[in-house]
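A short write-up of the structure that comes next.
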Amino acid sequence: MRPPGPRAPGLALLAALLAAPRALAEAPHLVLVDAARALRPLRPFWRSTGFCPPLPHSQADRYDLSWDQQLNLAYVGAVPHGGIEQVRTHWLLELITARESAGQGLSYNFTHLDGYLDLLRENQLLPGFELMGSPSQRFTDFEDKRQVLAWKELVSLLARRYIGRYGLSYVSKWNFETWNEPDHHDFDNVTMTLQGFLNYYDACSEGLRAASPALRFGGPGDSFHPWPRSPLCWGLLEHCHNGTNFFTGELGVRLDYISLHKKGAGSSIYILEQEQATVQQIRRLFPKFADTPVYNDEADPLVGWALPQPWRADVTYAAMVVKVVAQHQNPPRANGSAALRPALLSNDNAFLSFHPHPFTQRTLTARFQVNDTEPPHVQLLRKPVLTAMALLALLDGRQLWAEVSRGGTVLDSNHTVGVLASAHLPAGPRDAWRATVLLYASDDTRAHAARAVPVTLRLLGVPRGPGLVYVTLALDNPRCSPHGEWQRLGRPVFPTAEEFRRMRAAEDPVAEAPRPFPASGRLTLSVELRLPSLLLLHVCARPEKPPGPVTRLRALPLTRGQVLLVWSDERVGSKCLWTYEIQFSADGEVYTPISRKPSTFNLFVFSPESAVTSGSYRVRAVDYWARPGPFSTRVHYVEVPAPSGPPRPSDCERC
């Protein structure tokens, strides 16, 4: 499969990016990027999501292990280049059952937890492992010394089990964390006083340490309202800073990271402002924690995941998520504390949407529970916010100097137009120099259908390299919104196969084919960005070798005549990819390419008009220079009905 031939840069950009009406009254923004001027490391601190199963939590397995969630996690894990790495999950310990035998003490059944963690690992994801829940309601009071000791043994047993199952190198990457939001007192049937919470914390800490000192543990994962509110949050910090360890009697208890929850109330900058105020107070009260990593592992723009909001359906949400990331990497000068760059920033948006709001809840995918087929089945669509995570994944580890100005005035990241830019130095023959410039146009939760922002982007300092090319990817509502297509189709409750095909055609950004980069090392693009929108410029030198092989190809059933293919790019070795070529063979002998738009997402729904899906599949990467990599190992698929039994919606209204 070969990328389309290069076109004149001006005409190509007009075709792809100037579809918006001209913003006659607006002065243009000027974006300058210097590829020769690296500022600092750019860590991908945003690669996390999360969700909560519904009540009753003792039946969390019905949600966590449901077919719907298996599909959802396939989508989450299919973000290219590890663009989402962690799924922070509430009530994990409710997946364990406990039994007490005379003379034997407590014994545990880990079958459901094994299944969920296996599912994450299959999708190359890590758990954000909250030590939350009471197996079979055996733990009720953490001021009871016997229960505290038993809890330590449970945590140690759990950690040893998964070190043995997966290896320490994998489990040591997990973020073990306290019970979620302890000051909200969602403990189900567990009595949790301040002292009980501190005893619980020490039992978790020492249980993990007994399994391996390499395991990471932090908390408290809550709002940290100013004292005297949030007593468990502040009490835990006081305990870890000055208190006595329940088990060892030593002063001070380890706290590997401080996790807090600050959401935006509809504002991007409000997230950062709250974080800065809280962290400044923590560092003032507890100076030993000045260098302790800070996580905001629920940093959503708005509380209430199930609350339907039109902006959550389309590129408005996607652009706002990118804007929040940029504000954390480049804090506005007026906000002072530039030292606060969180070690982790997570959106809590891996929930499953439910009827009648498939697109407008705080989710990465849109779920349709299609009940007019026999048997009923589930379909997911990729929302623009999930595609935005794929664009963020194209950023690399060296942040470049970049500046946005308008009318001669330099603008910080708390404005409508912003930028993140990065560069990468090669690490092998399948790798080469590259640079990424990611522009956002975002007015937070507000969309302006008739407004476009004129922008001039100037990139300079690009070094000479073999086969140097550039590619643009644009994400906006007119062309890249499955929700918009759904509305144009009349908002069908049970879309047909053809309607799903039309909605999926809007999932990917609009890609302009690779073009030669100017020999001068400078490039100027004049564009008009829809408000909201994202625009990514990717500049790549040609590696010595073509891409490596696609691995882990799987086929998952959806319904008659439709199959989901998902694969891994872990051995592909290059980010400068134009598409994945997917080939199908009904007889396992003669393979033909499947016709589709260019896409580098590691997932594809095959839904041919012929409805013939039984056969063999293979996939290979194609780079910007039209060089294919090796095919994956083929996978053979025989059509079978997908599992049924859709899960209930989650109950966590304030998440």
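Glycine is no exception: its Cβ is also placed from the backbone N, Cα and C atoms.
Note that this is a predicted model, so its numbers are computed, not measured.
Residues or ranges marked as active site, proton donor by Swiss-Prot: GLU181. According to Swiss-Prot, the feature active site, nucleophile maps to GLU298, an assignment based on similarity to another entry. Residues annotated as alpha-D-mannopyranose binding site in Swiss-Prot, with similarity to another entry given as evidence: PRO53, LEU55, HIS57, TRP305. Swiss-Prot lists HIS90, ASN180, GLU181, LYS263, GLU298, GLY304, ASP348, ARG362 with the feature alpha-L-iduronate binding site, giving similarity to another entry as the kind of evidence. According to Swiss-Prot, the disulfide bond annotation covers CYS540-CYS576, on the basis of similarity to another entry. Sequence annotations record features per position, and here Swiss-Prot assigns N-linked glycosylation site to ASN109, ASN189, ASN242, ASN335, ASN371, ASN414 based on sequence analysis. Among the features that Swiss-Prot reports, signal peptide is placed at 1-25.
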Largest C-alpha distance in Å for the alpha-L-iduronate site residues HIS90, ASN180, GLU181, LYS263, GLU298, GLY304, ASP348, ARG362, as a whole number, is 19
Site with most surrounding Cβ atoms, counting all protein chains shown within 10 Å, from the recorded positions ASN180, ASN371, ASN414: ASN180
Which ones in the same chain are close to CYS540 (disulfide bond), with CB under 8 Å and 6+ residues apart in sequence? ALA432, TRP433, ARG434, LEU468, VAL469, TYR470, VAL471, LYS575, CYS576, TYR624
Do you see any of the recorded positions PRO53, HIS57, ASN242, LYS263, ASP348 whose C-alpha is within 10 Å of GLU298 (active site, nucleophile), and which ones? LYS263, ASP348
Of all the binding-site residues given, HIS90, LYS263, which residue's CB has the most CB neighbours within 10 A? HIS90
The binding-site residues listed are PRO53, LEU55, HIS90, GLY304, ASP348; by CA-CA distance, the one closest to ASN189 (N-linked glycosylation site) is LEU55
Just checking, which of LEU55, CYS576 (recorded positions) has the fewest C-beta atoms within 10 Å of its C-beta? LEU55
Find, among the binding-site residues listed as PRO53, GLY304, the one whose Cβ has the highest number of other Cβ atoms within 10 Å in the structure shown. PRO53
Work out how many Å separate PRO53 (alpha-D-mannopyranose binding site) and HIS90 (alpha-L-iduronate binding site) at their Cα atoms, rounded off. 7
Taking the Cα atoms as reference points, how far is GLU181 (active site, proton donor) from GLY304 (alpha-L-iduronate binding site) in Å? 15
May I ask you to report the DSSP-based helix, strand or coil state of ASN189 (N-linked glycosylation site)? coil
Let me know how many other Cβ atoms fall within 10 Å of the Cβ of ASN109 (N-linked glycosylation site). 14
Check: min Cα-Cα distance from GLY304 (alpha-L-iduronate binding site) over recorded positions LEU55, HIS57, ASN109, ASN371, ASN414 goes to LEU55
Per DSSP, three-state class assigned to ASN109 (N-linked glycosylation site): strand
Consider the recorded positions LEU55, ASN109, ASN242, TRP305 and say which one has the Cα lying nearest the Cα of ARG362 (alpha-L-iduronate binding site). TRP305
Using only the Cα atoms of PRO53, LEU55, HIS57, TRP305, which the record gives as binding alpha-D-mannopyranose, return the largest interatomic distance in Å, rounded to a whole number. 18
Taking the Cβ of TRP305 (alpha-D-mannopyranose binding site) as the centre, count every other Cβ atom within 10 Å, in any protein chain shown. 25
